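Residues or ranges marked as region 'Disordered' by TrEMBL: 76-98. For 227-606, the entry in TrEMBL reads domain 'SAM-dependent MTase RsmB/NOP-type'. Under the heading S-adenosyl-L-methionine binding site, TrEMBL lists CYS321, ALA322, ALA323, PRO324, GLY325, GLY326, LYS327, ASP345, ASP372, ASP474. Residues annotated as active site, nucleophile in TrEMBL: CYS525.
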Amino acid sequence: MENTTTTLLEPTYRPRLEWNTEVYEYLSKAYGHQHFAQICNALIRPAIQSCVRVNTLETTTAEVIRKLRKHLLKKKEVTEEATGNHHTGTTQKEDGVSLPLTQAAAVSSEDILPRQQQQQQVPAAAGDPKFEERNAAECCFEHELLKNVVLVRGKGPCNINYKIVKEDNESGLKEVVVSRKCGEAVLRGAHVFVPGVLACSGHVERGEMVAVSVAVERPDGAGGWCVGVTRGTTLSSQHANSQFEDTSRSGWFIGTGRAMMTRASLFRETKGVAVEMVDRVFDLPSFNGLLTGDIFLQNLPSVVAAHVLDPKPGERILDMCAAPGGKTTAIAMLMEDKGEIIALDRSHNKVSDIVRLSEEMKLTCIHAMKMDALKSVLSESTKIDNCLNQPCNLDPRQSSACLVDKQNAAGSRMRKTEVQTTAALKSSLDKGAYASRAEARKAARRLKTGQNVGEQLPPIKGFCPRSFDRVLLDAPCSALGLRPRLFAGQETLESLRKHSNYQRRMLDQAVQLVRPGGSLVYSTCTLNPGENEAVVRYALDTYPFLSLAPQHPRIGGPGLVGGQDVFDGSAFRSWLREGEQHMVQRFDPSGPNDTIGFFIAKFAVDLPLEELAM
């Protein structure tokens, strides 16, 4: 007879981040083995504090803080009522010893609380209303330097009880195994959705408490990686035993939750919440649907990048890789929604995301366009638009405005199809099981894109050189700084070099689009110095009219100097020179700011030397 529960071997959260061997050696050499080990330990955990950017054009930071504190208090009451105050309130230490949260948080309150709030902390009894209000105040506060940013602190890693007691017998909870990407989303505060479920114990019933673990890629024996889990596997079966090793899985448990459907439904349905999380290894607040239009959940370094650009009202700004629109809307608010921001992305769906976010935040100065940033510079021989048939010496603001109007008009027509598509989807579902499958899939795709068959955004040829006051290039990258990250083995030295070459090509375009006297900000969310400091070195050596400019505010640390002794698989590439490291900002995941890994460089653009001589 098949077991219906899973025997858990020390279920904890102790993942080991896997890397490509050559990449691991390369980054260990760049940072030093001890420092890189600390970075890896930080990457497998989410940031304990969430960064919320306030839409200061619609509300105030003080009002948002008041509402968030009220929300946190209410959420705490609801959670305690639902769980019977089940949460243990302790966190794990590296040696497995449990300590109170105030002593063992991944980032201590001294690191992230403003000094004045540290001084106000007074011991009090849990359950006391004044204590709860004070606790909410300490967990939700304004950033010391960025007055449009609110920090909301969570806690973790927490000890979770994975045992149940029935008739004086203790046994392990039934288990649901999820994919890595699903697990990373849960660590950030999401519930488990049906597409993310890979396997589970037998006879799971709706409403039953289950343990949630993650299946992560492992070596496949042929130089690659595989998950090695067949979707629909029943745990404790012979088939499961051939795919899983309990000893290697024991450190991948991320919490417990309540099954929202039976085991059969988990693998029959295509969408919906599979497990509603109750206790999490990292207890972070959820902002889904909260204060829509007034706040935007964004990584702190991304907010800093928008401030470093230092946009002014009335200026013309280009965001070359704008999706999903977080930095674009941050720039618009700093400009007081006065001026013009051109936001580019080569994906229609992502352009639609930018438009929706701009509308949600009631911003009118943002014009989202579908365009490949590698083709953003208009050559002298190219006409701006077949319809306009005007030469490149036209006022770039007028020509751009015409193009924006054309794309916005097309976008409006596409969004009108959403109501029609929804009706078509409902109609298809009413025609029966067989008919609904094909038609529903087509209707869902149209609903996702908001696009009629054959209807496309009109193409744009590019922009005139020197037609923007400031340019932000938040370049596509290897994203090795994002957290939580449970696997990093997909990147190789060759793929890292390809990222770097692609970024240099994009920088070549960006340099041409900034007017003399303007600014160019280059940023990435990767740890790879080949995509950060080495690209800055390339820019400074290739374009003598570029120089590193001071950055305000300065929250990150210095960049990396040297590079000549670090082999990236094909060459020894120079990074920053002595003195230049303090002109950039590098955000370290293992540092006191508790952020993702991020890099920011700001360039001042002068006239080329040949023009100065004229």
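Any Cβ shown, glycine's included, is placed from N, Cα and C.
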Q: Using a 10 Å cut-off, grab the number of neighbouring Cβ atoms around the Cβ of LYS327 (S-adenosyl-L-methionine binding site), all chains included.
A: 23
Q: Tell me the Cβ contacts of GLY325 (S-adenosyl-L-methionine binding site) under 8 Å, same chain only and six or more apart in sequence, or just say none.
A: ALA343, ASP353, ILE354, LEU357, SER358, ILE366, ALA368
Q: Have a look around CYS321 (S-adenosyl-L-methionine binding site) and count the other CB atoms within 10 A of its CB, chains all included.
A: 19
Q) Non-local Cβ contacts of CYS525 (active site, nucleophile) (under 8 Å, 6 or more apart, same chain)? A) ASN299, PRO301, CYS477, ALA479, GLY481, LEU482, ILE596, GLY597, PHE598, PHE599
Q: Tell me, roughly as an integer, the mean pLDDT over the domain 'SAM-dependent MTase RsmB/NOP-type' (227-606).
A: 84
Q.
Let's check the environment of ASP372 (S-adenosyl-L-methionine binding site): how many other CB atoms sit within 10 Å of its CB?
A. 14
**Q.** Cβ neighbour count (within 10 Å, all chains shown) around ALA323 (S-adenosyl-L-methionine binding site)
**A.** 22
Q) When you look at CYS321, ALA322, ALA323, PRO324, GLY325, GLY326, LYS327, ASP345, ASP372, ASP474, which the record names as binding S-adenosyl-L-methionine, what is the longest CA to CA distance in angstrom? A) 19
